[in-house]
Amino acid sequence: MEDRKRKIWIIQCFLSLSIGCFVSQLNASNDVKFYESFDHTLEGSWVVSEKEDYKGVWKHAKSEGHDDYGLLVNEKAKKHAIVKEVDELINLKDDAGWTPKEFDNESPYTIMFGPDKCGATNKVHFILKHKNPKSGKYIEHHLKFPPSVHSDKLTHVYTAILKPDNELCILIDGEEKKAANFLSNDDFEPPLIPPKTIPDPDDKKPEDWDERAKIPDPDAKKSDDWDEDAPLDIEDEDVVKPEGWLDDEPEEIVDPEATRPEDWDEEENGEWEAPKIDNPKCEEALGCGEWKRPMKRNPAYKGKWHAPLVENPNYKGIWKPQLIGNPEYFEFEKPNFEPIAAIGIEIWTMQDGILFDNLLIASDEKVAQTYRETTWKPKFEAERDRMLRNLPFQMKPVFDCLYKIADLPFLGDHKTKVLDILENAEKQPNLTIGIVASIVVVIFTVLLKVIFGGKKKLAKVRSETEKTDTTETSNNQGTTEEKEDKKEDTAAAARRRNTRRDN
């Protein structure tokens, strides 16, 4: 078993209670290719890495607050790695091999997929390792601008769908968060299809190549009256000292009414000094102390002399190596996906209590949807409801009130955004208080603008409204497209409210 050569699919996950799904629609079959619910113990099916760096202990444990089991990361600040082979082993077409007991972050893989939240990193990885048929090299192609990971500690399900038209869809909790195309240069870094031409690595810039567009004028000379040592500011000789200026009076004097505290201990606190106060004589006069003329900009100041810049007669532009044909360039209609022979989880985390459950590989998107509805959704809703009940105060009346406010017309263009934020607040209970506070601030700000900004523009708004009404009447109450847009906006808002009430 251990000397077989095969590739694996790696999940890297850094969120508590995460569920992973992987769906491929590259063939006509809709059978489940791999499914692990962790209802049974790990012995005999999952192989724990025996590499020296991977000392983290995996546990077969119940989900917190639930009766079903999962794969638990039980120790923090340690590396964990575990792998399970699929039932139908497929030999690789290349020479890259691995052994289950030596599984680590260097093991060859086909697809790496899953959430990664650690430090400043917050994204759902999708990395395809694709073989270049010209060079024989395996290149990691990273999905660009991947979706972010939820910040709460609820159970979430991550799904990657590979479609026959080269489309990739990333779902979080069944909702599409990212769409990409394997053949697009804009969706993967580096692109799967390499460029036709590349800079010649053997081309070198000539020694006499001049990239300076402008140079100091060699014929320019500093004028005789240019004083580089002239100061930037000088005293203003036109200003004279005001009459009544008290030169001999200090700006501050010792407070004559201050007395040393009775409990003052000179051995501990040192010699006592009376505090100072502003000199009352200075307040009556035009000023006290040494008088100095104010400074002004020196009209003779020119600074350091530099020759003016002129066009460089020898300028040849910015040098670039010449382009040559890319020896590794190739074209294809579809990616050449390597066969998947195992599922592996490799993780290095600073926290414990991370649990994996319900890993799925299927060739039909509907299969994944069924598993989400039956295994993930009930768990998520139970956790969300439990967290809402544990909040410092009952949130349902607050949400009801905010949804009613969001329906008021004064929010205008902000209405859709407020509804979206409200939905996110209900889905992420640990952030609910902060999000609700933000919504209240937004609503209050808009209300203030309406109250104080509306009065000044009231006449103008009325005038524009009258003109609009007249125009709409003459045009049969607006175009069909405009009316449809309004209907769609209203329907979208209604769908949000109805969906929420049904949950």
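Cβ atoms here come from the backbone N, Cα and C positions, even for glycine.
TrEMBL entries are annotated by machine, without manual review.
Residues or ranges marked as region 'Disordered' by TrEMBL: 183-275 (among others).
The compositional bias 'Basic and acidic residues' annotation in TrEMBL covers 199-224 (among others). Panel annotation: around the compositional bias 'Basic and acidic residues' (199-224), residues 305-312, 314-324 of the same chain, lying at least six beyond its termini, place a Cβ under 8 Å from a Cβ of the stretch.
DSSP places the residues of the compositional bias 'Acidic residues' (225-238) in helix, strand and coil in these numbers: 0 helix, 3 strand, 11 coil. As annotated by TrEMBL, compositional bias 'Acidic residues' applies to 225-238 (among others).
Marked as compositional bias 'Acidic residues' by TrEMBL: 245-255 (among others).
Here TrEMBL flags 431-452 as transmembrane segment.
For 461-503 (among others), the entry in TrEMBL reads region 'Disordered'.
Taken from TrEMBL, the feature compositional bias 'Basic and acidic residues' applies to 461-470 (among others).
The compositional bias 'Basic and acidic residues' feature in TrEMBL is assigned to 480-490 (among others).
Sequence annotations record features per position, and here TrEMBL assigns compositional bias 'Basic residues' to 494-503.
Note on the compositional bias 'Acidic residues' (225-238): residues 292-298, 300-305 of its chain, located 6 or more positions outside it, place their CB under 8 angstroms from a CB of the stretch.
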